[in-house]
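Okay, so here's the structure we're looking at.
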Amino acid sequence: MGTRWRTVSQAPILVTLKRVWPVFAVHLAIVLTAVAVWQNYFGTLSPTISPRQFGVFIAGLSHWDATWFLEVARSGYLRKIPDETAFFPLYPALMGLGGRLLSALHHGGLHGVVGNRTYLLAGIAISNVAFFGALSFLYQLGRRFYSERQTMRGLWFLALFPSSYYFSAAYSESLFLLCVVAAFWLGYQRRYFWAGLLMGLGALCWDLGIFGVLSLLWLVWRDFRVDRRVGRLFLRAASVSLIPVACLLIYFAWLDHVYKNPLMFLWAEKHHWHRHFAFIWTSLRLDYHYDPVGFLASVTFLIILLASIRRIPLEQWLFSAILLLIPLFSVAGKYPMSMVRFVLMLFPLFLFVGAKMRRLETYIAVIAGSAIFLVWLTGLFSSAHWVA
């Protein structure tokens, strides 16, 4: 991690859009095709989110956690349903706002009733726009450290990863990825106020985003070792640490207002999902028995994490290690965590793998195999099978 990185000049916006658009378009085309074909031939297991009621694409991308986000978007956090607090507020808040906006455009005013279909459509639209934005920032970030070819291979690997359909579903993964990648990019630009704000917004999507503060603090310290200005050090450190904490405190204050418990989300995770600490070998053993795909994802990214030591910037490695290891040291009752979904957030490792696939044959084989598994997992998810 002590490697001195050669910084590549920032790519122009139009160049970024030109590079990113095909990646996003192919990803979305594969996901939508798999959703349509799978539901047409195999139907769905869901008794509530059906293609007949919601349409093929909305129904296929709105299962499991999406229904929790829907409830929060529609009614907010209700005192009688404390389990909803485990789903952090930024994504369902935008989903609710988007649903009301779409309804207002359709009805010509705010007087119309907003249906579940409209909320879910808004959530899917937000996810896809956020994913396109995340790919754009990731391209810019990747070009700081890697060549054009290496960066693009990393983007393709992420966009066609077997579980990447979550980026197009009514889930918060895309929004979280956009926030944290943008926060890193802003940190590298030394725009620490905005970096802290984006990391705080990321924490309002997923609580583990707060640990990105450590990476931003390292960037602040690294800059201080160059300019040696103590006043600037404290101002920047306050920006990247206090702003994200303030974002979470707003959510905690609201939980205290509704439930009289600012940490109600921890209660929900413990009592509803039965999440608790477990040693990593216990988590991997459960993955092996109950979620072989999650086990494969966990082991693969553990190997990549170890291989990337001192080969990617420290702040990126630290962020990846925390987001990978914390879920691996916890379980949900007798079941493992949703690792095949959580590894999607390890964007530095996707860029690292893209950079290390030097042989064209290896790259094509990895991407083709990944795309095939993407079709399979997307089909399972779209028909309401539990994947992660």
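Yeah, the Cβs are placed from backbone N, Cα and C, and that goes for glycine too.
For 20-42, 118-142, 154-186, 192-221, 233-254, 292-309, 316-333, 339-355, 362-387, the entry in TrEMBL reads transmembrane segment.
Residues 51, 56-57, 59-61, 128, 131-132, 135-136, 139, 152, 155-156, 159-160, 164-165, 167-168, 371, 374-375, 378-380, 382-383 of the same chain lie 6+ residues outside the transmembrane segment (20-42) yet bring a C-beta within less than 8 angstroms of a C-beta in it. Counting Cβ pairs under 8 Å to the transmembrane segment (154-186), the top-ranked stretch among 118-142, 233-254, 292-309, 339-355 is 118-142.
Beyond the transmembrane segment (118-142), the same-chain residues lying 6 or more positions past its ends with a Cβ under 8 Å from any Cβ of the stretch are 10-11, 16-17, 19-21, 23-24, 27-28, 54, 57-58, 61-62, 66, 69-70, 73-74, 91, 94-99, 101-103, 106, 150-152, 154-155, 158-159, 167-175, 177-178, 181-182, 184-185, 188, 347, 351, 354.
Among the listed stretches 292-309, 316-333, 339-355, 362-387, the one sharing the most Cβ pairs under 8 Å with the transmembrane segment (192-221) is 316-333. Between the transmembrane segment (316-333) and the stretches 292-309, 339-355, 362-387, the greatest number of Cβ pairs separated by less than 8 Å involves 339-355. Remote same-chain residues near the transmembrane segment (339-355) are listed as 138, 141-142, 145-147, 150-158, 161-164, 166-167, 171, 173, 176-177, 180-181, 206, 287, 291, 293-295, 297-298, 300-301, 304-305, 307-308, 311-313, 316-317, 319-320, 323-324, 327-328, 377, 387-388 (criterion: CB distance under 8 Å, separation of at least six residues from the stretch ends).
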